[in-house]
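J.: Handing you this structure, nothing more for now.
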Amino acid sequence: MIYENKTSKKGKLFPQPIRTTPCLSRRIFSYPFIYHRRPPGNPVLPHPPGEAGGRGSKNPILLREAHCHCSPADAPSRVFLWLTGGAGDGGGQGRGRHGGGAAAAVARGRGSSGGGGATSAQTLGNVVVSIVGTGVLGLPYAFREAGWLAGSLGVATAGAATLYCMLLLVDCRDKLKEGETEEYCNGHYTYGDLGERCFGTIGRCLTEILILVSQAGGSVAYLIFIGQNLHSTFSQLMSSAGFLFAILLPVQIALSFIRSLSSLSPFSIFADVCNVLAMAIVIKEDLQLFDEPFANRKAFNGLWAVPFTFGVAVFCFEGFSMTLALEASMAERRKFRRVLSQAVAAIITVYVCFGVCGYLAYGEATKDIITLNLPNNWLSAAVKVGLCIALAFTFPVMMHPIHEIVESRFKSSGCFQKLSRNVRGAEWLGLHLSRILVVIVMTVVASFIPAFGSFISFVGSTMCALLSFVLPALFHLSIVGSSMPIWRRVLDYGILLFGFGFAGYGLVTALS
């Protein structure tokens, strides 16, 4: 447990526990307590009540603020607080084990605003990478459905609404931060943390279930994309489902056994590079096909096509649940709103240009994945295969939180615990079988979905709409509502009703 200096009414110094989550099974550095800072006058720091403080006992460690370094972990709900040593009292105790070791404690939901952190440029890049995905390659088809003008307005509206709701989450975090008493660490809150603060355990469970389902939807979209692109490149070999089961399924089962995400991270970067190359090639091909670009191209294709385009656009602004983690990673958090606004504005511009160019080039022949419209030359084939390879290695990263949740359910079941105690190797076998089963289920689901565009529109208009609009508005009304002007509350209620209505429309459309 980490302790903070508090002074009683009589001026006597005593340690007071800080709200944090201890994770070490033994005392840090073999000392019983750690203090945040030494009070004025440089007095001897006493032991907490009940601790022996006589001759020969070890004084508590003084943890200086300069020794706190916080950085986000792989899971957004964890922050590693590295205690790189502290000055002992008076005599100069050794700094950690062997004079220079470090101990790590995971402090859930805590971080530091000082020292290190991402710059504005780095955060801008992180926002773009976390939002832009393969869904962008389905935008030209959405523009074909709605018309180039209606599609442009739909993407711009979806982007603006998403940006506003992202900022609502930051407002919620700022409001909760006002109640923090820690002097050395600012509050880090995840999406699930906000749900728990507003609606208790049910709120956290609902939020994390929605994130899980949307994550599964994105994973299935990856498989659909890979299968259809491989089939378009090597159509003489087998069908799209054949590629999924014969090639992709064995590879994904093998990759699911890799538990280290760091070894797969280079492929995420490779996927982003291939995405950019694919967009560049599509735009180049589009410009070559421009003769009379607006001839036989509809600006507005009917009112009922707009929700379809809006659903695709919302899906394309994926990465919504990473808002708070990205904000927490900044060295100067006060600049996050401006950086986020710049990033979303740039993404909206690229999305609109790409969607319009794709639709104007191919017209009614535009397919739900624009790369399927590319000519069968070596450059297009190389980009398609590169995208498929990159996404195949990125798929385990998308599946990682799903595997963790499934495994935690297995481990908490009484039957599994009893079997693990009685049968040697049963735990290892059970956990690996669960990963195999999850990958098989995802592959089977992907094989039954014929249209990539319709699927991402469904995911965007249901799960993503609830995550992007409904929950932020609910959290904002619950946490900040009493201190907001009336017009902000009316706007939040409007977003809430719109999100529910849009999710209901997406569900009805899918069932019909």
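Sequential numbering from 1, following the chain as shown.
Yeah, the Cβs are placed from backbone N, Cα and C, and that goes for glycine too.
Residues or ranges marked as compositional bias 'Gly residues' by TrEMBL: 91-102. Feature annotation from TrEMBL assigns domain 'Amino acid transporter transmembrane' to 118-509. According to TrEMBL, the feature region 'Disordered' maps to 91-119. Positions annotated as transmembrane segment by TrEMBL: 123-143, 149-170, 205-225, 237-257, 264-283, 303-327, 339-362, 382-402, 428-449, 455-478, 490-511.
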J.: What stretch in 237-257, 264-283, 303-327, 455-478 has the biggest tally of Cβ pairs under 8 Å against the transmembrane segment (123-143)?
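T.: The listed stretch sharing the most Cβ pairs with the transmembrane segment (123-143) is 303-327.
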J.: So, do the transmembrane segment (455-478) and the transmembrane segment (149-170) meet, by the test of 3 or more Cβ pairs under 8 Å (sequence gap 6 or more)?
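T.: When sequence-distant Cβ pairs are counted, the transmembrane segment (149-170) touches the transmembrane segment (455-478), since at least 3 lie under 8 Å.
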J.: What else in the chain is close to the transmembrane segment (428-449), if you only count residues 6 or more beyond its ends and a Cβ gap under 8 Å?
T.: 216, 219-220, 223-224, 227, 240-241, 244-245, 248-249, 252-253, 256-257, 399, 402-403, 406-407, 410, 416, 419-420, 455
J.: Going along the chain, which residues at least six beyond the ends of the transmembrane segment (205-225) come within the CB cut-off of under 8 Å?
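T.: Same-chain residues near the transmembrane segment (205-225) but 6 or more away: 133-135, 137, 191-192, 194-195, 199, 244, 248, 318, 321, 369, 387-388, 391, 394-395, 398-399, 401-402, 405, 442-443, 445-446, 449, 452, 455-456, 459, 463-464, 466-467, 471.
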J.: Among 149-170, 303-327, 339-362, 490-511, which stretch has the most Cβ pairs under 8 Å to the transmembrane segment (264-283)?
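T.: Between the candidates 149-170, 303-327, 339-362, 490-511, the best contact partner of the transmembrane segment (264-283) is 339-362.
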